[in-house]
Structure formats: C-alpha cells, structure tokens
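S.K.: Shown below is the structure under consideration.
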DNA sequence: TTAATTGCAAACACTTTGCACGCTA
DNA sequence: TAGCGTGCAAAGTGTTTGCAATTAA
C-alpha cells in the first residue's frame, strides 16, 4: 500500500500547513468511492477514533476547496453538500433515484457544446455540471422506480 | 393581459383545492424570469401586501412540486433551493459566476447521450440536469472573472 | 515565536412540524 | 360540515463564527 503518504506534499505545494486533520480528511476523500457529506466524514473519523470537531471538518473542507484539492457538489433535492477528492478528471454523475447512490461517468459529451454556447450567448464559459438521473440495475430488479407504482 | 386567470384550472386539474395563496405563488413563478428562492417569493408577496406566512410558502411549494406544476433546483455553492414554473420545456441553465444571474438555454445537446448511457450502464435514465458556468457579457465588460485577478 | 489551526459553544440560515383555527368544496 | 389549508411558534438540520487554547513552521 502506497496509499497513505502521498498527501503531505500536496498540502505543502498548495501553501497549506501540514496538519493531521487535513491529511486525514484529504486521504479519506481520496479513498472514498463517491462524494460524501461533512457529517459522513465526521462520523467515519470518529469511528476510527480520530478526535475532531464538526466545525473543523467544515473549515478544513473550505480550505481544501479554496486550493482546489477537493470539489463541492449540491445535489437536487438534498439540502446538504457533498465533497469529493479532485483528481482533476472531468466527470459527470449518474444519480440513482432509488438508492441515492452516485456513480461517476468519465466520458463527457459536451466539449464542443461549450464553444457553440460561447458563440451564441457571449458568455465566457468556464465549466459545466451534468448530473443524469435514473434507476440503477439493482433498484430496477427490486421494482423500485417502475414507472409510478401508484400515487 | 390574459396573464392572470389561467392558473385556477391548473390547480383543479391536479386535484388541488383552489386557494388564493396557491394561485398567487403559481402566478408569481410563472411570471418570474428566472428561478427564485422561497424567501424571494415571501418578500415579494409581502411588498404587494399579500399576507402570507413563510411556512405556507414552503408548504405550497412542496405541494406544487408534488403535482409537478413547479420545479425545484439546487445550485452548487448556494445553500438554498430555487423554484421555477414548470412549463414542460426541457431546459438547461447558464449561471453567471459574477452576478449570479441564471439564464435558461432551451437547446439540449443530450438526447442521444442518454440512450448511449442506458446501454453502457444498465440504468433506466429518467432525466438529467445540466448547468453551464461562466461569465456573462456584462460581467466580462466590467472585468469580473478575467482569469484570476490575483490570488 | 508567531501566525495559522483547532475545539467548543453559540449563532445562523433555511426548512419543517404540531396544533388550533379558518376556509374550500 | 368534513377535511384540507393556514398562521404561528417552536424545533430541526446543515453550516458558520467568535474566542481562547494549541500547534506547525
């Protein structure tokens, strides 16, 4: 496992002090399989006997976002933010409306579209966010989301 | 102006009782030029001397969402929801990072992509949400968002 | 040593809920 | 009149902030 040591340099390179909480949270996000909430980070660290305060979690996340080491997402109809390690790969998300699991899609169909839009609108386009919604194979198997079951 | 009378039938057709607050909010959203927050609705109605409680605004919005008469959005880095009249046109949004103004785009480049994705992932795709970010012509003129001014 | 980071508690902003009263169908 | 809709106050969530103590560089 070469997993655990990488991050310390990343912090230095971004001009951040190297603290235990920062590396812990950054490693946690790097190893997470999908975007997670501040509370999930907090609880998970507690389970691992890492003593940390929820406000420190938020402050750390904010710092890491500023330095673009992580990304923040808002999901429609969820009132809490989700955070994800920024591995600098342009991604989109497939959100299951049944189990709420978020899968990432690395293929992006929109490269050319941004240029068309710049020409049509006069905006300087800096990025985009695409989320696709549906039901995953497992939820379909369970019958979740099979049209409207009833009202 | 034929603007003001349409909505009463819409409520009936959705199986909702016809109340003043519901028609007022629905008309307000129908006539809004962009998605608005619950508080904006509340304040705007107060200015027009409509007496309403903020909890009624939220409850009404929830009801209208259930009946799909309106849509709810979450914008990244904003911690409040925005609501919009559902005119049943598939739309995307162009969000200005400078002035935060939201412009809608009625052209959708993703029709075919959803089918590709269904084949690749096994998901049953029910919809998608695309937001494009950038700087509007006016903000560019003012020099807002001209790369990084400094760090 | 010095400034940045943290914990704690308290404050905040947005949203939801319980209950009694009021109004639509 | 029966039951849904509303106002009010209070509680919930998720997030932020002030301040004193702690820690990294």
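The backbone N, Cα and C atoms fix where each Cβ goes, glycine too.
What TrEMBL says about a protein is an automatic prediction, not a curated fact.
This is the feature table in TrEMBL:
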BINDING   A:90, A:128  Fe cation binding site
BINDING   A:96, A:99, A:136, A:139  Zn(2+) binding site
S.K.: Hey, which of our binding-site residues A:90, A:99, A:136, A:139 end up with a Cβ under 8 Å from chain B?
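M.R.: Contact set vs B: A:136.
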S.K.: For the Zn(2+) site given as A:96, A:99, A:136, A:139, which other residues of the same chain have their Cβ within 8 Å of the site's Cβ centre?
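M.R.: Not counting the recorded site residues, we get A:97, A:98, A:100, A:101, A:135, A:137, A:138, A:140, A:144, A:145.
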S.K.: Of all the binding-site residues here, A:90, A:128, which one's CB has the most other CB atoms within 10 A?
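M.R.: When each Cβ's neighbours within 10 Å are tallied, A:128 tops the list.
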S.K.: Across all chains shown, how many C-beta atoms besides its own are within 10 angstroms of the C-beta of residue A:99 (Zn(2+) binding site)?
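M.R.: Result for residue A:99 (Zn(2+) binding site): 14 neighbouring Cβ atoms inside 10 Å.
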S.K.: Return the residues near residue A:139 (Zn(2+) binding site) by Cβ distance under 8 Å, restricted to its own chain and a separation of at least 6 in sequence.
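M.R.: Listed in sequence order, they are A:96, A:97, A:98, A:99, A:145.
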S.K.: On the three-state reduction of DSSP, what should I expect for residue A:99 (Zn(2+) binding site)?
M.R.: coil
S.K.: Within 10 Å of the Cβ of residue A:96 (Zn(2+) binding site), how many other Cβ atoms can be counted across all chains shown?
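M.R.: Neighbour count, Cβ to Cβ under the 10 Å cut-off: 21.
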